[in-house]
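K.L.:
Residues or ranges marked as active site, proton donor by TrEMBL: Glu75, Glu316. Residues or ranges marked as active site in TrEMBL: Asp222, Glu334. Annotation comment: TrEMBL describes Thr420 as Ca(2+) binding site. Among the features that TrEMBL reports, domain 'PA' is placed at 617-704. Sequence annotations record features per position, and here TrEMBL assigns region 'Disordered' to 735-837. As annotated by TrEMBL, compositional bias 'Acidic residues' applies to 762-774. The feature compositional bias 'Polar residues' is assigned by TrEMBL to 786-795.
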Amino acid sequence: YPADELMPLTCRGRVRGQEPSRGDVDDALGKFSLTLIDTLDTLVVLNKTKEFEEAVKKVIKDVNLDNDIVVSVFETNIRVLGGLLGGHSVAIMLKEKGEYMQWYNGELLRMAKELGYKLLPAFNTTSGLPYPRVNLKFGVRHPEARTGTETDTCTACAGTLILEFAALSRFTGTSIFEEYARKALDFIWEKRQRSSNLVGVTINIHTGDWVRKDSGVGAGIDSYYEYLLKAYVLLGDDSFLERFNTHYDAIMRYISQPPLLLDVHIHKPMLNARTWMDSLLAFFPGLQVLKGDIRPAIETHEMLYQVIKKHNFLPEAFTTDFRVHWAQHPLRPEFAESTYFLYKATGDPYYLEVGKTLIENLNKYARVPCGFAAMKDVRTGSHEDRMDSFFLAEMFKYLYLLFADKEDMIFDIEDYIFTTEAHLLPLWLSTTNQTISKKNTTTEYTELDDSNFDWTCPNTQILFPNDPMFAQSIREPLKNVVDKSCPRGISRAEESFGSGPKPPLRARDFMASNPEHLEILKKMGVSLIHLKDGRVQLVQHAVQAASSLDAEDGLRFMQEMIELSSQQQKEQQLPPRAVQIVSHPFFGRVVLTAGPAQFGMDLSKHKAGTRGFVATIKPYNGCSEITNPEAVKEKIALMQRGQCMFAEKARNIQKAGAIGGIVIDDNEGSSSDTAPLFQMAGDGKNTDDITIPMLFLFNKEGNIILDAIREYEAVEVLLSDKAKDRDLEVENMDQKLSENDSHKQSSEEAASASQDAGAISEEPEEGESPDVPDPDSLSPAHADSDSVSISNQDSYVPGTEAAPAPEPACTQEDNQPQELKTETESNSKVNWDNKAQPMESILADWSEDIEAFEMMEKDEL
């Protein structure tokens, strides 16, 4: 305090301008104590009324909204304006009850109105759509504003304002806020694609043209749909419900492919726009519950839960066959939100078990001494020094409400509606200060022949007579959808014709020299061009295909080829490794993302990893004989990058008796948050003599270990392919020593240094081999001796995102390397022997963290 966010690994506040820029993510930070404001109404939900009263006084006394800083209109609206309004809503409720907040006189509402006026300059466009960013002090077009040149905004950014702005108007009697938000919503509705009734992801704020024409229910669009339905609930305006139902019909017709929700093109909604889903769509089952469409909500939620059970958290994006696409997880609350709504609708105790799993995973894998850290990679369990304000605003709120009985609450939650940031707005606003005249616009709406219009205001007694088995019967077929089924997305052609014609050609089977294959490509509108350098380029022109179905097959073939080439490139790379601090007071909760080495012990084949205390070597660069071997023996050596080759450092510390090594980047401020990981390559010679594991940490992550040494002296770490379960300090010391001995086994088990094309042979000043492949250099290997480059001119093909090698869940391809299969199927838990340390000594070590200790499972001690 008073920083905007907590940095849970370094135990500091995140102040914009004082930390390295994280790009657009930092647009939420405005030097206005973001986390405190975002968490105000959470305190009341958790029955922390005294703390709430103190927090409100701090906000009133300390928060300044007149800062010369550029912020996101969308984030500031949902987090800060919504937080102030939610705080005001519960403050007046507590005041009416007569015990707390008797001094309160609308101070939060006045701050909300001040902020509302600071956001209004963003709406100064011909369309009424707001600029994506605004300067809190200077607005948009002022010479000192440093913003106002943007031309595009996302649909959700412009369409997620109505609840907060209308509530502000209803609370204050000032109609301008609701008018501006309605105008933006009206414009998006007018610009919907009329034949499909879908909206795109990004729109030009001046012309209204769609910039990104793919459509889904995830990032960029999600809360636009949410606010249409909730605006009807809060404001009682039928036009919002009619718009929502029109969109919902299109979503269920084109985007919903149970249990999946896949993006499509707004002009060609029968064609999928990409083959992966982002985690933000996890809110959609909750919205379906609010609408009353329970069955698809249960199906999608169950699919997402299966993904969580595999990875502990929901990856930021995952493919249709449930492999990791983007491995981060910033502790998003959308899945918990849907779990809460499904429990409210069904009363099925299954969803309490789901909530219990979420809480256990948070405590087990995300909890660190100073808070909860975002996951940098769900596959390795590594952390990011980040705890977004929505974690306390939403995650805590929904999980508490999931388990709370009515008597646990000091007010009736049913009297409020949740904003997209889970802020509470009272339903009585619908009859207060109605300054907007309603227009009868039903003639604009398409008559729908389905039953969507009958499903609002869900009543569980009508939907199903309070039968928990109803939900179970829907979930049952999806139990193994992630681990065993790995279903291939059904093409629209197959959907139309039952078993239908099988796809004529799969990318993995393609042979550039096969005349039959070339004929099939021609039919699908795909032409093949031989380039001068010997490569083969594929280009699709959908208009040249024999039929629309052939064009669809061609599009899928191109997408498969891109994914195949990207996957093959990634498979040549070693995945990231983990350095886990297991000694007091960390106890395995701090996990750092580490780059692997192409020599020494292969940690993926030694699941137990290498565990030991760390020691700094002399000389620190490790480029000559170690002068303090007594300090390094049987320890994991810390050294600085530079001045010689990685392999030379490894040989020197191995000779001194070290059981492993960590190379720390000498580039001040470097971090895995902003730079791709890279592999440490060998020296061009045989490196079979190196048998200890070597890992690389960027400067920021390395400093976390160095700071721990300065504070605690004895720091123990675990080097592994992925983070292990907590309570590592209870492991039998004899077992540890025997494991360390086994780590020195013969070079047959140690991975030899593979000198592949992507690796570098470290020069005297080491270079680096990116662990993330270049998305522009695609080289699929199924075209005889030719390589293939791919482009698509007429149909949209999603670009291959640069990401760490995906963990292959399960695959239909027979040529998947067996090593990767066994890695994902094996259980990463370590059977820790608990006989060595007496319970008394453990309890003594845990005196500072006794609460966390009590939460640990007995079978893990």
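Every residue, even glycine, has its Cβ placed from backbone N, Cα and C.
All annotation found in TrEMBL is predicted automatically rather than curated by experts.
Here the structure is a predicted model, which means the values were calculated and not measured.
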K.L.:
Between Glu75 (active site, proton donor) and Glu334 (active site), what is the CA-CA distance rounded to a whole number of Å?
P.N.:
16
K.L.:
If I restrict to non-local contacts, at least six residues apart, and a C-beta distance under 8 angstroms, what lies near the residue listed as 'Ca(2+) binding site' in its own chain?
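P.N.:
In sequence order, the residues whose Cβ lies under 8 Å from that of the residue listed as 'Ca(2+) binding site' (at least 6 apart) are Ile78, Thr160, Leu163, Asp222, Ser223, Glu226, Tyr227, Phe283.
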K.L.:
Using the structure shown, find which entry in Glu75, Asp222, Glu316 (the active-site residues) has the sparsest Cβ neighbourhood within 10 Å.
P.N.:
Glu316
K.L.:
On the 0 to 100 scale, where does the mean pLDDT of the domain 'PA' (617-704) fall?
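P.N.:
A mean pLDDT of 90 is what the predicted model shows over the domain 'PA' (617-704).
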K.L.:
Enumerate same-chain residues with a sequence separation of six or more from Glu334 (active site) and a Cβ-Cβ distance below 8 A; give 'none' if the list is empty.
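P.N.:
Counting only residues 6 or more apart in sequence, the Cβ neighbours of Glu334 (active site) under 8 Å are Ser279, Leu280, Leu281, Ala282, Phe283, Gly286.
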